[in-house]
Amino acid sequence: MTDLPDSTRWQLWIVAFGFFMQSLDTTIVNTALPSMAQSLGESPLHMHMVIVSYVLTVAVMLPASGWLADKVGVRNIFFTAIVLFTLGSLFCALSGTLNELLLARALQGVGGAMMVPVGRLTVMKIVPREQYMAAMTFVTLPGQIGPLLGPALGGLLVEYASWHWIFLINIPVGIIGAIATLMLMPNYTMQTRRFDLSGFLLLAVGMAVLTLALDGSKGTGFSPLAIAGLVAVGVVALVLYLLHAQNNNRALFSLKLFRTRTFSLGLAGSFAGRIGSGMLPFMTPVFLQIGLGFSPFHAGLMMIPMVLGSMGMKRIVVQVVNRFGYRWVLVATTLGLSLVTLLFMTTALLGWYYVLPFVLFLQGMVNSTRFSSMNTLTLKDLPDNLASSGNSLLSMIMQLSMSIGVTIAGLLLGLFGSQHVSVDSGTTQTVFMYTWLSMAFIIALPAFVFARVPSDTHQNVAISRRKRSAQ
């Protein structure tokens, strides 16, 4: 990329900066949840909603981000994304109640939903096609560093300052990024078709209401009748979307996508698989602090091996899938992740803390292999005219399933324990043990879906063709 103009290189730095902000925020909060609960006077069992409110908002807003960028311009939308994300961070730091914090996190989610996809679109527009891969590698590298720094930085700030600082650090960075975007980024626009507002609203209502019903089934004071009503509204909204999208060329997501068998299997497996694996980043630091008595900083440091394992496997995952095939790799990694989850719980409860970094490193390797394989299986056989729509739907499903996973983890903690748990007590460890066993079972279930993937020994080379759009 050395032959690119200076202005283009600065624009790539701005996009990389946005990727870093968004990826850092997805992990920095996890280690702070117990301290947030204590400060806000809430049970730690309710704090999963701090993650869910952000991730669910991202899932809901993702389908609109690309259309908005084409309609209004990439600079305007990227600037708006940074401003909303920064304002959300400020309101998070100022929150005095859990409900205020959840609303502020939702505002952050609106910004986060636009930041990454619009950043990808910007790179596509400002960089020559032959240099696209090199440019994307450059701008996504900070996005890989964010998860590495996030847990430890979050723990450090909580332990030596307060949880408010995990949000306050975004403010000066966001101001600089917003100013740089206005000064340096071009405002590309494109001819757009009419936005499928009806489909967008139906999907948004369906996802939000069903997640709320799932969370409301334990400990929120919702009556059974209210929960049944929420479920009914959510199901009706999704059914109406299917009817709306049938034979509708302007639908948000075409139902023609599901004519491709690998897409249908990959999407179903990704949805189920990320429900299970989405529990782990939330549960691990909470378990280390509340279940085992680790300090926030120590718990954050323990997450680094998992990220390193994940980054290490990205270099060889293509060769692994080409050698063994999607079906074998996905079934093996799904069952393997379930076993590693049990191994983590066992070694932790036995007090073998020196083994935990190695177990978490292994967990990161297995999880990364499964994620990359799920993404590429889902997209690799789609025709070119459906590839963009399929990638957008996969991105939305990824975020939705992660929010559902965190919600289920919170429900399991509430099911097996009381609303008030004490740090490092025998009862609390029993609660976490039952929760961890349930998680391992849920993580293993998608193996039944992946076992239906057809043998594809001659199609695995396609993984490299679609990998770019899936990341």
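A Cβ is built for glycine as well, from the same backbone N, Cα and C atoms used for every other residue.
Positions annotated as topological domain 'Periplasmic' by Swiss-Prot, on the basis of sequence analysis: 1-11 (among others).
Look at Swiss-Prot and you will find 33-48 (among others) tagged as topological domain 'Cytoplasmic', backed by sequence analysis. Within the model, the topological domain 'Cytoplasmic' (33-48) shows a mean pLDDT value of 84, rounded to a whole number.
Outside the topological domain 'Periplasmic' (70-76) by six or more residues, the chain places 118, 121-122, 125, 181-182, 185-192, 195 with a CB less than 8 A from a CB of the stretch. Per Swiss-Prot, the feature topological domain 'Periplasmic' maps to 70-76 (among others).
Look at Swiss-Prot and you will find 98-101 (among others) tagged as topological domain 'Cytoplasmic'.
Taken from Swiss-Prot, the feature topological domain 'Periplasmic' covers 125-137 (among others), and the record attributes it to sequence analysis.
When the topological domain 'Cytoplasmic' (159-164) is classified with DSSP, helix, strand and coil residues number 2 helix, 0 strand, 4 coil. Annotated topological domain 'Cytoplasmic' per Swiss-Prot: 159-164 (among others), in sequence order.
Here Swiss-Prot flags 186-196 (among others) as topological domain 'Periplasmic'.
As annotated by Swiss-Prot, topological domain 'Cytoplasmic' applies to 218-224 (among others), with the evidence given as sequence analysis.
According to Swiss-Prot, the topological domain 'Periplasmic' annotation covers 246-262 (among others), on the basis of sequence analysis. Tertiary proximity for the topological domain 'Periplasmic' (246-262) is limited to same-chain residues at least six positions away from its ends with a CB under 8 Å from its CB atoms, namely 63, 193-194, 196, 199-200, 203, 377-378, 380-383, 386, 389-390, 392-393, 453-454, 456.
Each residue of the topological domain 'Periplasmic' (307-341) gets a DSSP state, and the totals for helix, strand and coil are 31 helix, 0 strand, 4 coil. Summarising the annotation, Swiss-Prot assigns topological domain 'Periplasmic' to 307-341 (among others) and lists sequence analysis as the type of evidence.
Listed as Cβ neighbours of the topological domain 'Cytoplasmic' (363-395) (distance under 8 Å, sequence separation of 6 or more from its ends, same chain) are residues 62-63, 66, 117, 253-254, 256-257, 260-263, 265-267, 269-270, 273, 277, 280, 305-314, 317, 320-321, 326, 329-330, 333-334, 336-337, 340-341, 344, 453, 459, 462-463, 465-467, 469-471. The topological domain 'Cytoplasmic' annotation in Swiss-Prot covers 363-395 (among others).
The feature topological domain 'Periplasmic' is assigned by Swiss-Prot to 417-430 (among others), with sequence analysis given as support.
Residues annotated as topological domain 'Cytoplasmic' in Swiss-Prot, with sequence analysis given as evidence: 452-471 (among others).
Under the heading transmembrane segment, Swiss-Prot lists 12-32 (among others), citing sequence analysis as support.
Taken from Swiss-Prot, the feature transmembrane segment covers 77-97 (among others), and the record attributes it to sequence analysis.
Annotated transmembrane segment per Swiss-Prot: 102-124 (among others), in sequence order, evidence recorded as sequence analysis. Long-range contacts of the transmembrane segment (102-124) within the same chain, counting only residues at least 6 positions beyond its ends with a Cβ under 8 Å from a Cβ of the stretch, are 11-12, 15, 18-19, 21-22, 25, 49-50, 53-62, 65-66, 68-70, 74, 77-78, 80-89, 91-92, 94-95, 132, 135-136, 139, 143, 185, 188, 392, 395.
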Per Cβ pairs under 8 Å, the stretch of 225-245, 263-283, 286-306, 342-362, 431-451 packing most closely against the transmembrane segment (396-416):
263-283
How about the transmembrane segment (77-97) and the transmembrane segment (342-362): do they have 3 or more C-beta pairs under 8 A, pairs 6 or more apart in sequence?
no
Using a cut-off of under 8 Å between C-beta atoms, tell me which stretch among 12-32, 165-185, 263-283, 286-306, 431-451 contacts the transmembrane segment (138-158) the most.
12-32
Applying the under-8 angstroms CB criterion, which one of 12-32, 165-185, 263-283, 286-306 scores highest with the transmembrane segment (431-451)?
263-283
